[in-house]
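S.K.: Structure incoming, see below.
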Amino acid sequence: MDRGRLTEYIWSCWSWRHRFCQKVTASSENFHVGENDENQERGNWSKKSDYLLSMVGYAVGLGNVWRFPYLTYTNGGGAFLIPYAIMLALAGLPLFFLECSLGQFASLGPVSVWRILPLFQGVGITMVLISIFVTIYYNVIIAYSLYYLFASFQSVLPWANCSSSWADDNCSRQPIVTGCRVSTDTGGDMFMNISWVNSNNFTCLNGSEVFRPGQLPSEQYWDKVTLRRSSGMDETGVIVWYLALCLLLAWIIVGAALFKGIKSSGKVVYFTALFPYVVLLILLIRGATLEGASKGISYYIGAQSNFTKLREAEVWKDAATQIFYSLSVAWGGLVALSSYNKFNNNCYSDAIIVCLTNCLTSVFAGFAIFSILGHMAHISGKEVSQVVKSGFDLAFIAYPEALAQLPGGPFWSILFFFMLLTLGLDSQFASIETITTTIQDLFPKAMKRMRVPITLGCCLILFLLGLVCVTQAGIYWVHLIDHFCAGWGILIAAILEIAGIIWIYGGNRFIEDIEMMIGAKRWLFWLWWRACWFVITPILLSAILVWSLVKFHRPNYADIPYPDWGVALGWCMIIFCIIWIPIMAIIKIVRAEGNILQRIIKCCRPASNWGPYLEKHRGERYKDMAEPAKETDHEIPTISGTRKPE
């Protein structure tokens, strides 16, 4: 081949490669935006059902299965549904509707949406940081579910009996005899320990036995096999390799579902959001056929209901707290998911549908849980109150113990833990989408070019940060983050969110924004929402915050107290999350112009680029709005509307 033909061949190959790379780049930049999307910059949900199922999956999580039924039981049974429904109407639904409307109106995530009130931008940062902390340990719980799911693929569940390879002398489903009285040669009797009685072939006198409680096989399996739990947070131990692999698998699943953003996660939720309902229905039907099921349901929400509990303030506090956390308000996820809606989507009806679905799911799950726990109490000769648990103890001790005693136990165990897996994944998808949406709003060009590497990079970093939670002291870390980060910080963010938008930006002004999306409504329609937004909801949230601070107690797990450095670390985590609220406020004030009062006033006004994302939706009210899409990476809007490099 002569030099000319060789040069021509090389050039043609290079040209082909260049055109191919251009096509791949163009495809990678636009794969998260559909041709029919209203917003070609950020993209929209492919279907309304994608959004609704994602919201249901985000709101309906593990707490609906392992916390609500227990709270109902301990707070008066069916009587608890009264304060629960009232708190839904007064606190949960108003805040839920507010966040859905906020994200949809501006088409922005939880940080950038605070163009509405620049002084409070730190509130959005707080929401995202807390979501990051919670995301770290939430995937560890998913890893626990994966481990139990894999362990269930055996002919006999490994926690069905006390195995000599891991159980100790305390492993027993029945109380353990420690000593008794025996007859002596002189005609009297004396008390001896049980080992002496057995070694000398004596017989205990009837009714003289002294018992101590044993540990269920499922409890020892949880502590000794699954967690390999150390004696305390001071003893970190080694990484439990099989939990680390389950954690890695959990993050691979999350990354695979989100690599195209809402375009891929919106399809996955058709399975992950709906499958738990199928399992709950199957478990309820199976539980209802078991002996003793009616007794469990009676304790849950039937004849054992205690309406005198309604006189106790603690019951109302528990109802408000459960509603608040169950709906996932103030985490940033509702704003992030709603930001991908089309502008004229009816966010009002969406909020009603999702909130009612969430609450009805909690009630429905309780029947499935307590019917089987009632059977467990029946066959063990105990009261329901002796077998019912909450949180980790319900999901990984009490319920597995009950399933192990059913015919075909492995099948029911596989169904249950697969349900826990899908419940957790839905919430995890939305939490990661909150993080990536924040990155997209702050660095739109970088996110458009490298969405897949950034999403997978986030998953990798969070996996590495979560490795401490799969050490032998991992469960103490999980409980520590949950105790501090998933509490006061969210309450503070929620109070500032509703106060800033309703009291400073203006509740009536915000209602006008909503009417631009869903159409004008009569004054009577808004009467309830005004009452809640302006007065009732802020007061209830403030009361919960004060109550939580007054009732604060040092964290412990399995009656093992945390060391001082662990408690200090917990305080550092929550302070790190909320300190951005005053920091960002100070930064905004310093960057504004005028005297201190003028600067504060300017920071309490919306930024010049606040309003509907697309020009066609702005109307007369926002016709002079600065173009939000023109904002470039590493630039932030100043109060005056000009842009200043960071």
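Placed from the backbone N, Cα and C atoms, the Cβ positions cover glycine too.
Got these off TrEMBL a minute ago, pasting:
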BINDING   Gly57, Ala59, Val60, Asn64, Ser326, Asn358, Leu423, Asp426, Ser427  Na(+) binding site
COMPBIAS  626-636  compositional bias 'Basic and acidic residues'
DISULFID  Cys162-Cys171  disulfide bond
REGION    626-646  region 'Disordered'
TRANSMEM  80-98  transmembrane segment
TRANSMEM  119-150  transmembrane segment
TRANSMEM  239-259  transmembrane segment
TRANSMEM  268-288  transmembrane segment
TRANSMEM  323-340  transmembrane segment
TRANSMEM  352-373  transmembrane segment
TRANSMEM  411-432  transmembrane segment
TRANSMEM  453-480  transmembrane segment
TRANSMEM  486-506  transmembrane segment
TRANSMEM  527-548  transmembrane segment
TRANSMEM  568-590  transmembrane segment
S.K.: Can you work out which residues elsewhere in the same chain, 6+ from the ends of the transmembrane segment (268-288), have a Cβ less than 8 Å from its Cβ atoms?
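M.R.: Non-local partners: 49-50, 53-54, 56-57, 60, 257, 296, 361, 364-365, 367-368, 371-372, 374-375, 406, 412, 415-416, 418-419, 422-423, 425-426, 429.
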S.K.: Any contact between the transmembrane segment (80-98) and the transmembrane segment (568-590)? By contact I mean 3+ C-beta pairs closer than 8 Å, pairs at least 6 apart along the chain.
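M.R.: They do not touch: fewer than three Cβ pairs between the two stretches lie under 8 Å.
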S.K.: Would you mind checking how many other C-beta atoms are within 10 angstroms of the C-beta on Val60 (Na(+) binding site)?
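M.R.: If we count other Cβ atoms within 10 Å of Val60 (Na(+) binding site), we arrive at 27.
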S.K.: To the nearest whole angstrom, what is the C-alpha distance linking Gly57 (Na(+) binding site) and Cys162 (disulfide bond)?
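M.R.: Approximately 37 Å lies between the Cα of Gly57 (Na(+) binding site) and that of Cys162 (disulfide bond).
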S.K.: Measuring CB to CB from Leu423 (Na(+) binding site), give everything in the same chain under 8 Å that is also at least six residues away in sequence.
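M.R.: Listed in sequence order, they are Val60, Gly61, Leu62, Asn64, Val65, Pro276.
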S.K.: Which residues of the chain, 6 or more past the ends of the transmembrane segment (527-548), have a CB below 8 A from one of its CBs?
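M.R.: Distant Cβ neighbours of the transmembrane segment (527-548) are 87, 90-91, 94-95, 97-98, 317, 320-321, 324, 487-488, 491-492, 494-495, 498-499, 502-503, 507, 511.
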S.K.: Just to verify a number: CA distance, Cys171 (disulfide bond) to Ser427 (Na(+) binding site), in angstrom, no decimals.
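M.R.: On Cα coordinates alone, these residues lie 35 Å apart.
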S.K.: Which range wins on Cβ pairs under 8 Å with the transmembrane segment (568-590): 119-150, 239-259, 411-432?
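M.R.: Highest pair count goes to 119-150.
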S.K.: Return the residues near Cys162 (disulfide bond), defined as same-chain residues 6+ apart in sequence whose C-beta is under 8 angstroms from its C-beta, sorted by sequence, else 'none'.
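M.R.: Result: Cys171, Ser172, Pro217, Gln220.
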